[in-house]
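S.K.: Not my notes, these are from Swiss-Prot:
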{"type": "BINDING", "residues": "Q87, G105, E106, G107, K108, T109, D494", "note": "ATP binding site"}
{"type": "REGION", "residues": "860-947", "note": "region 'Disordered'"}
{"type": "COMPBIAS", "residues": "870-885", "note": "compositional bias 'Low complexity'"}
{"type": "COMPBIAS", "residues": "903-914", "note": "compositional bias 'Basic and acidic residues'"}
{"type": "COMPBIAS", "residues": "922-931", "note": "compositional bias 'Basic and acidic residues'"}
Amino acid sequence: MPSLSLSKLLRVGEGRMVKRLKHIAEHVESLSPDVEGLTDEQLKAKTTEFRERYAAGETLDELLPEAFSVAREASWRVIDQKHFHVQIMGGAALHFGNVAEMKTGEGKTLTCVLPAYLNAIAGDGVHVVTVNDYLAKRDSEWMGRVHRALGLETSVILSGMTPAERRVAYAADITYGTNNEFGFDYLRDNMTHSLDDLVQRGHAFAIVDEVDSILIDEARTPLIISGPADGSSKWYSEFARIAPLLKKDVHYEVDIRKRTIGVHEAGVELVEDQLGIDNLYEAANSPLVSYLNNAIKAKELYTKDKDYIVRDGEVIIVDEFTGRVLVGRRYNEGMHQAIEAKEKVEIKAENQTLATITLQNYFRLYDKLSGMTGTAETEAAELHQTYTLGVIPIPTNRPMVRVDNGDLIYKTEEAKFDAVVDDVVERHENGQPVLIGTTSVERSEYLSKQFTKRGVAHNVLNAKFHEKEATIIAEAGRSGAVTVATNMAGRGTDVVLGGNPDIIADIALRKKGLDPVTTPDEYEAAWDAVLDEVKAEVKADAEKVRDAGGLYVLGTERHESRRIDNQLRGRSGRQGDPGESRFYLSLGDELMRRFNGSALESIMTRLNLPDDVPIEAKMVSKAIKSAQTQVEQQNFEIRKNVLKYDEVMNQQRTVIYKERRQILEGEDMEGQVEQMITDVVTAYVDGATAEGYVEDWDLEQLWTALKTLYPVGIDHKTLAGEDGAGINSDLSRDDLRTALLEDAHAAYKKREAEIDAIAGENGMRELERRVFLSVLDRKWREHLYEMDYLKEGIGLRAMAQRDPLVEYQREGYDMFIGMLDGLKEESVGFLFNLQVEAAPAQPASGISVTAGSAAAASATAPKPLPTQEAAARTTGTAAPTALRAKGLDDEGPSRLTYTGPDEDGKAKATRDSAADSGDGAASRRERREAARTQSKSNRAPKSKRKR
């Protein structure tokens with residue numbers, strides 16, 4: 001981690017902040033007598049009063065003492081829990097935008113109620129972020145009981161929910177969910193084509209539970225939404241069939257040295273004849289050009305058993321320098337698929353990034369960010385550097401009396417586990433509950449078999465079934481209980497001595513068919529009686545457990561992160577209870593092997609110690625701590641590197657998403673279109689007149705290029721004054737530019753009148769919005785693809801003594817500017833040349849898009865029907881008559897892949913459930929039909945078409 005001096009520096013003023021929080025807590029507690037005298041209805045009415053006062057100008061800071069006091073009283077009445085002094089301090093720390101470091105068992109979930117309630121008063125929505133769906137659902141239901149009693153709505157975002165359900169959930173005052181769900185919803189919102197389809201309503205305030213896990217461990221893996229880069233594998237097969245019919249130097253030419261190909265006129269005609277289309281280069285068929293080029297490259301430039309081999313039905317690349325096969329590597333831009341088609345093996349879909357963001361940059365979107373954890377002190381410097389979050393250690397409610405024993409190190413893993421089993425059996429017989437932490441599922445199952453052999457009843461948790469694990473962890477503090485769990489399992493649930501009465505009571509009520517969401521009144525009515533009954537049961541057992549020494553936590557291996565070890569230890573000794581912890585290690589453990597375990601082994605061998613005799617030495621503990629620090633430093637560097645590269649993308653993403661949102665919100669695009677026309681026509685003219693005098697300019701070629709952009713209304717011969725005597729040499733570049741700009745703007749006015757005649761008033765404005773969205777999305781997807789490609793190879797720049805990051809920033813910027821120029825050019829071309837016709841009125845938007853449309857196959861987010869809430873948010877302006885616009889991207893749903901971190905911080909990919917309603921690249925017959933009905937002027941090319 002960053003240097004100790006920085007960590008110490010960050011803690012300057014910490015004591016002052018803790019004192020301030022103590023004063024706030026005392027003030028809140030002093031208001032208790034006032035709120036205790038209020039009826040339930042009067043307590044609920046306080047929320048409306050606070051909102052009125054906030055609207056009148058009072059700040060949330062000024063409302064804090066009263067609001068906290070009201071929420072505290074509601075918690076006591078509804079769930080029989082009242083915030084301790086230290087929990088009020090923690091709540092205030094969260095409100096002020098800090099990380100509250102509260103030890104395990106100090107009630108972080110209850111603490112969160114206070115700042116969530118206070119900030120919900122502002123009406124902008126509060127997001128509470130947890131590590132898994134189960135905890136999000138549980139906390140939403142559990143703490144939602146308190147918020148509902150105060151007149152607030154709570155909701156939860158779960159994987160598998162529809163966009164309509166998500167929209168309703170985000171409209172609630174307080175929304176619970178996982179970091180992945182919040183992040184993916186943000187990305188999907190920036191892929192949608194209608195305001196009605198947006199689900200989130202801003203990023204005002206977030207409270208991140210287990211902040212170290214989410215903002216540190218999981219931040220190494222970015223969130224990525226990807227989809228098929230091309231529509232269908234059938235086009236690869238089709239062109240693999242056509243390629244052998246094409247003859248070198250007759251239909252195409254090849255430059256072996258540059259590894260490029262060029263298709264001749266004869267080749268284009270043969271392809272058009274084979275596909276039954278009129279023009280390969282018009283908009284309907286433009287995606288087919290890349291299929292053709294790749295098929296010829298696969299035939300001429302990629303040789304079997306030299307550039308690649310085919311093994312077990314799979315095309316595998318061969319490294320041209322070493323001759324080694326590169327398993328898992330694939331060529332980009334559809335080249336690998338073209339080779340697969342050539343070799344007649346299975347064609348695997350190419351996935352393309354459609355949207356991506358790191359967790360660091362997602363959480364930086366929030367106006368105010370805060371978090372809770374039991375172990376943040378070791379990461380204080382990183383939290384401050386990345387998120388400008390301060391870490392405030394909150395005192396424990398009662399003094400910690402847990403005994404943390406020194407590590408025991410064994411020579412072999414087998415000897416270690418034998419000692420673990422012996423220790424657990426002895427404590428189990430004494431009635432002491434034991435929680436055993438392992439680092440893998442295999443080790444959990446191995447221990448389970450050993451306990452079964454010894455006749456010890458036990459439970460095994462592997463962090464897969466969260467609902468089941470909460471139940472088991474809730475009972476892990478009962479007399480004689482033995483629980484084996486991976487280190488990450490059971491987070492968010494307290495191990496209470498004698499059993500967790502709240503969880504046990506909740507389970508009992510659910511067995512009777514009652515829950516706090518679907519049957520809130522019946523649940524609340526039955527709650528007190530069931531809770532009292534359970535408390536009486538666990539009280540006697542809790543005393544037996546205390547007499548036996550409290551919960552014994554046994555770690556079977558050190559984790560590479562000190563925080564994970566501390567979290568495991570922290571399960572014992574909550575709220576001043578007695579407890580004990582110890583780690584059993586062996587020289588075969590991963591951390592020991594990685595960091596000089598051999599030196600320790602030689603010492604143990606020289607001492608001639610038997611395998612089953614451990615050593616306990618401070619030297620070993622120090623070495624382990626040093627090893628953990630090194631691993632943490634490595635992981636910090638990885639996260640820092642991910643963030644540095646994403647900063648480049650983040651600036652570009654911010655520009656694109658801002659522009660996109662303005663288009664969605666109905667900003668008048670007329671002025672922007674006029675500027676685009678000016679920029680594009682100027683670029684055409686400047687390119688054609690860059691060199692020489694008027695006699696040297698190829699005005700014929702310029703006019704040909706301009707005619708593909710818009711219907712040119714003036715003749716270049718007339719403008720240049722050409723006659724029998726030659727060209728008028730007085731024509732300047734400025735005169736030419738001015739004349740063409742006047743002509744282009746006049747043509748656009750005429751075009752606007754045509755569209756308005758079909759669609760009515762504002763029809764052109766709606767068409768502009770649809771065209772801009774379609775082209776912007778496609779260009780952005782292509783840009784992400786190119787940026788991915790750039791990043792893959794940028795590390796090689798270091799060999800040329802260049803900083804890869806600086807090179808990535810420079811080239812990424814150049815590519816972004818190029819993308820924006822292409823965006824203008826294509827948009828202008830589409831606006832002038834799109835074929836439009838009247839269509840049946842659409843309920844959601846003014847212009848519909850034909851299926852099997854001509855642009856490149858697109859992958860966009862599933863488009864739900866607007867809910868009533870979304871409908872209420874729409875502007876209500878009269879939509880123009882519906883138009884059918886040929887050549888725009890189809891907005892149909894595509895199967896998307898979502899890649900994000902799991903609870904261990906490793907990348908995990910999931911697929912959505914969108915129906916495959918049609919192929920992005922239509923069938924051959926459909927393509928032919930679309931092509932025949934398509935105008936040759938649909939395409940918006942960059943320059944004169946070259947064959």
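Every residue, even glycine, has its Cβ placed from backbone N, Cα and C.
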S.K.: Highest CB neighbour count within 10 A among the binding-site residues G105, G107?
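M.R.: For the binding-site residues G105, G107, the Cβ with the most other Cβ atoms within 10 Å is G105.
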S.K.: By a simple count of other Cβ atoms within 10 Å, which of E106, D494, the binding-site residues in the record, is least packed?
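M.R.: Sparsest of the binding-site residues E106, D494 by Cβ contacts within 10 Å: D494.
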S.K.: DSSP secondary structure for Q87 (ATP binding site), reduced to helix/strand/coil, please.
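M.R.: Looking at the DSSP assignment, Q87 (ATP binding site) belongs to a helix.
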S.K.: For a quick check of understanding: given the listed ATP-binding residues Q87, G105, E106, G107, K108, T109, D494, what is the maximum Cα-Cα distance in angstrom, as an integer?
M.R.: 16
S.K.: What are the sequence-distant neighbours of Q87 (ATP binding site), meaning same chain, six or more residues apart, C-beta distance under 8 angstroms?
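M.R.: For Q87 (ATP binding site), the qualifying residues are M102, E106, G107, L110, T111, L114, N397.
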S.K.: Cβ within 8 angstroms of the Cβ centroid of Q87, G105, E106, G107, K108, T109, D494: which residues besides those meet this for the ATP site?
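M.R.: Leaving out the recorded residues gives M102, T104, L110, T111.
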S.K.: Sequence gap of 6 or more, Cβ distance under 8 Å: name the residues on the same chain that satisfy this around K108 (ATP binding site), in order along the sequence.
M.R.: G90, A100, M102, D209, M372, T373, G374
S.K.: Which of the three DSSP-derived classes (helix, strand, coil) applies to G107 (ATP binding site)?
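M.R.: DSSP call for G107 (ATP binding site): coil, neither helix nor strand.
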